[in-house]
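What TrEMBL says about this protein:
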- S19, E40, L48, V84, W369, G376, V377, I378: FAD binding site (BINDING)
- H155, G156, N157, V158, R199, R200, E211, G376: NADP(+) binding site (BINDING)
Amino acid sequence: MNNANNHPLQVAIIGSGPSGFYVAEALLNSGISTEITILEKLPCPYGLIRYGVAPDHQKLKNVSQTLDVIAENPSVTYLGNVEVGKDIQINELMQLYHVLVFTTGMTKSSQLGIEGESLIGVHPSSNFIGWYNGHPDYQSLRFDFTHDSAVIIGHGNVAIDICRVLAKPIDELRKSDIPEQALDLLSQSKINHINLVGRRGPIQAKFTTKELHELGKLENCSVAIHPKHLELGEKCQQELDEISNLIAKKNHRVFETYRSNFTTTPDTSKKQISIEFMLNPKAFQGDKQLQSIVFEKTRFEGPAFKQVVIPSNDLVEIPGGLAFTCVGFNGSQFAGLTIDNKKGTLSNINSRLINEHGEIVPGMYTAGWVKRGPNGVIGTNRECAQDTVNQIIEDMPEFVHQFAYGKKSLIEHLQAKNIQFVTFNDWKVIDAVEVELGQKLGKPREKFTSVSSMLACI
Ligand SMILES: Cc1cc2nc3c(=O)[nH]c(=O)nc-3n(C[C@H](O)[C@H](O)[C@H](O)COP(=O)(O)OP(=O)(O)OC[C@H]3O[C@@H](n4cnc5c(N)ncnc54)[C@H](O)[C@@H]3O)c2cc1C
């Protein structure tokens with residue numbers, strides 16, 4: 001399908017995480033004549049595949065190889081080291097392209113908004129994840145692993161990833177692509193006890209069973225749950241008994257094995273992970289440096305599957321000098337577009353972006369996490385991208401009579417502004433050097449952790 005004047009549909013995709021690539025793939029598969037530019041603020045592509053997915057889960061990161069095939073299609077141009085909103089504005093892009101698709105992800109952690117959150121030692125998950133994954137924006141941060149115990153707030157897979165990085169033997173982590181400077185600090189860790197705390201119960205925890213189970217397999221580490229946490233109330237039992245609630249059932253079986261590890265005299269030669277339920281964080285305490293966290297015990301109200309958490313005045317204090325909050329993410333704001341404050345996404349109606357008056361902005365779309373929120377697995381973004389492309393195709397008659405200059409003019413524009421953009425071939429050079437450096441250290445790659453070092457490489 002061509003547009004009326006046989007000009008290709010010019011599409012700029014902003015963000016090169018999986019969603020950005022999947023939007024490109026769906027456009028290529030749609031039969032439309034199209035030219036696609038993928039703009040990425042970092043020199044390197046892949047978004048959270050490179051900078052979020054746990055470094056000790058390297059197999060998962062191999063999905064980037066399927067994204068390379070998309071990037072290497074002649075109708076696709078990758079331009080890294082170009083930040084939209086800084087190096088080029090949205091209105092400038094709109095003059096060059098028919099369609100902009102925002103796939104900028106959600107990388108900022110949500111805040112709990114409680115007292116003491118800015119104390120030294122309290123870290124939003126995104127900071128720690130970015131740091132141990134070598135993201136250039138987080139390398140100046142410092143984490144103090146000299147404390148005996150750490151507290152992780154949140155009961156999802158991000159919390160488990162952090163827990164594993166803190167609990168895994170350093171020699172195991174050395175086989176991952178955690179940068180050497182982070183490994184050096186982690187190798188000095190004195191953390192022996194990790195509390196993994198959630199405000200709801202075991203049936204409502206968002207862990208996937210594979211990750212939960214993996215925690216119990218860590219060498220020289222014991223995962224325990226106090227037996228009281230598995231004494232279910234009537235509504236929770238109903239939720240567990242529901243035939244379709246498979247993940248809860250599978251998780252519950254793993255929780256039961258962790259219950260059997262519970263003892264009042266733990267083996268101090270091993271690291272201990274305690275999974276705590278029904279505790280809502282109330283305040284971080286300490287004088288500049290975090291010393292403990294106060295939680296209020298919670299209870300449930302309401303029918304099964306619609307139970308809401310009600311905090312009580314019954315307080316519990318958990319000591320610890322290091323805390324990580326894993327309670328959700330937010331997307332970045334762009335001029336002229338609005339953020340859905342509840343979901344942290346770019347406000348959109350069925351993938352079409354809307355302005356502050358709630359009106360659809362013609363030619364602007366979104367896909368991936370920043371469209372629907374931080375949920376699902378990498379493959380979920382593929383369906384999400386296809387859905388977005390379906391809407392673009394539906395709107396095609398609005399664009400067919402216009403001509404757009406696309407990447408040629410964009411490149412001239414970037415050159416005129418002296419912006420050193422990175423092509424996909426340039427990225428492949430960086431990639432090869434990282435892999436080579438890694439091989440010398442017996443790991444999959446040694447990442448460059450600054451933009452300047454990546455650029456110097458090409
Ligand atoms: C800690 C963690 C672990 C995870 N582990 C797994 C896992 O094991 N398995 C799994 O299936 N999923 C996992 N996920 C989920 C998976 O990473 C996401 O589903 C996926 O990355 C979302 O893709 P996205 O393209 O929407 O966003 P992202 O991957 O975040 O990509 C967004 C891209 O946009 C770029 N960008 C942002 N702003 C701009 C701008 N202004 N201009 C240009 N570019 C910009 C960013 O640099 C980034 O490259 C994990 C997520 C996290 C946070």
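Yeah, the Cβs are placed from backbone N, Cα and C, and that goes for glycine too.
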Between the Cα atoms of V158 (NADP(+) binding site) and L48 (FAD binding site), find the distance and write it as a whole number of Å.
12
Hey, of the binding-site residues listed (S19, N157), which one tops the CB count within 10 A?
S19
State, in Å as a whole number, the widest CA to CA span among the NADP(+)-binding residues H155, G156, N157, V158, R199, R200, E211, G376 given in the record.
21
Quick one, of the binding-site residues H155, R199, which Cβ has the fewest other Cβ within 10 Å?
R199
Cβ atoms within 10 Å, counted per site: which of L48, V84, V377 has the most, among these binding-site residues?
L48
Which residue, of the binding-site residues E40, E211, has its CB surrounded by the fewest other CB atoms within 10 A?
E211
For the binding-site residues listed here, V158, I378, which shows the highest count of neighbouring CB atoms within 10 A?
V158
Given S19, E211, W369, V377, I378 as the binding-site residues, which ones have a Cβ positioned under 6 Å from some atom of ligand 1?
S19, W369, V377, I378
Nearest to I378 (FAD binding site) by Cα distance: which of the binding-site residues G156, N157, R199 is it?
N157
Sort out the sequence-distant neighbours of W369 (FAD binding site) for me: same chain, 6+ apart, CB within less than 8 Å of its CB, listed by position.
G17, S19, G105, M106, F329, G331, T345, N375, N381
Cβ distance under 8 Å to G156 (NADP(+) binding site), same chain, sequence separation 6 or more: which residues?
A205, K206, F207, C326
Quick one: of the binding-site residues E40, V84, G376, which has its CA closest to the CA of E211 (NADP(+) binding site)?
G376
Nearest to G376 (FAD binding site) by Cα distance: which of the binding-site residues H155, N157, R199, R200 is it?
N157
Between any two of S19, E40, L48, V84, W369, G376, V377, I378, the residues recorded as binding FAD, what is the biggest Cα to Cα distance in Å?
26
Looking at the binding-site residues H155, N157, R199, R200, which has the shortest Cα distance to L48 (FAD binding site)?
N157
Sequence gap of 6 or more, Cβ distance under 8 Å: name the residues on the same chain that satisfy this around R200 (NADP(+) binding site), in order along the sequence.
H155, F277, M278, T298, F300, V309
